[in-house]
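If you check Swiss-Prot, you get these features:
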| type | residues | note |
| --- | --- | --- |
| BINDING | 8, 9, 10, 16, 17, 143, 144, 145, 182, 189, 190, 191, 192, 193 | ATP binding site |
| BINDING | 131 | L-tryptophan binding site |
| MOTIF | 9-17 | motif ''HIGH' region' |
| MOTIF | 189-193 | motif ''KMSKS' region' |
């Protein structure tokens, strides 16, 4: 099966990004043909500084490769290196109803807040559909709140088929594990919007300080506690093995257990868990030419597939 996933280069990944999405879709490279792209064209709707965008794109590539994306198993490339995608966007846009775009979440939310939504945001779902259809993608891993994008993609492909005949592979959404929601430093869902994230990469000492400042309740140390209702324990579970998790749960239930101990434990297991990725990233940072070669090779393969798909679309709609 062919899997497609994109990551926006708009900021550095945090624990929630990793466990809620990145790890899950990287795992799909083992038994599928993976196409993973860095969505720099999409990022232009929010990132307007050229140097920042260039830096973000390279950081996204370094992050994905360090976290386990294997270029011998999957194709990693930059969205703007595939001009066929922007051409396909136009072919799809000529048959896209305005009402469909007006109903899409991102546009509706921005409009509801009284913010100005530009044409880039308005037509964002069409570019996303082109991203998916250009590679004959069969599986697209998404969060529950992103399923609408796949539905829109299928609708646009269906409209094109109705007008010009069968052309595209219709993708299916693979919903990511909703149980993989990661609590932030304040106990809410980890999100940049809440300013409660813990980064995957960065100074270990600084991250440890952030962990030690995680908000807890004011229950006395001697009181027994329910581990399943505690966000520090939920973080610990992400990294520790079954035996370690059970031992920690028993300490919670027994009482006489301070939050300082679990904070130190979270810091230790998370540092150990991400240590190989941090080492890999440092290695890649010292050899950026290799990273560029990986992106170029991924783009070469992606263009071969996209060119074939767009050629079908051109012929079917009368441009060839």
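Every residue gets a Cβ built from N, Cα and C, even glycine.
Overlay of Swiss-Prot feature records on the structure.
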{"residue": "8", "record": "ATP binding site", "DSSP (3 states)": "coil"}
{"residue": "17", "record": "ATP binding site", "DSSP (3 states)": "helix"}
{"residue": "131", "record": "L-tryptophan binding site", "DSSP (3 states)": "helix"}
{"residue": "144", "record": "ATP binding site", "DSSP (3 states)": "helix"}
{"residue": "182", "record": "ATP binding site", "DSSP (3 states)": "coil"}
{"residue": "190", "record": "ATP binding site", "DSSP (3 states)": "coil"}
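Neighbour list (residue 131 (L-tryptophan binding site), Cβ cut-off 8 Å, at least 6 residues apart, same chain): 4, 6, 37, 39, 79, 85. Comparing the binding-site residues 144, 182, 190 by how many other C-beta atoms lie within 10 angstroms of each C-beta, the top residue is 190. A simple Cβ count within 10 Å picks out one of the binding-site residues 10, 17 as the most packed, and that one is 17. In sequence order, 39, 42, 43 make up the list of same-chain residues 6 or more apart from residue 8 (ATP binding site) whose Cβ falls under 8 Å from its Cβ. Summarising the ATP site geometry, the residues cited as binding it (8, 9, 10, 16, 17, 143, 144, 145, 182, 189, 190, 191, 192, 193) extend over a maximum Cα to Cα distance of 21 Å.
Its own atom aside, the Cβ of residue 192 (ATP binding site) has 14 Cβ atoms within 10 angstroms in the protein chains shown.
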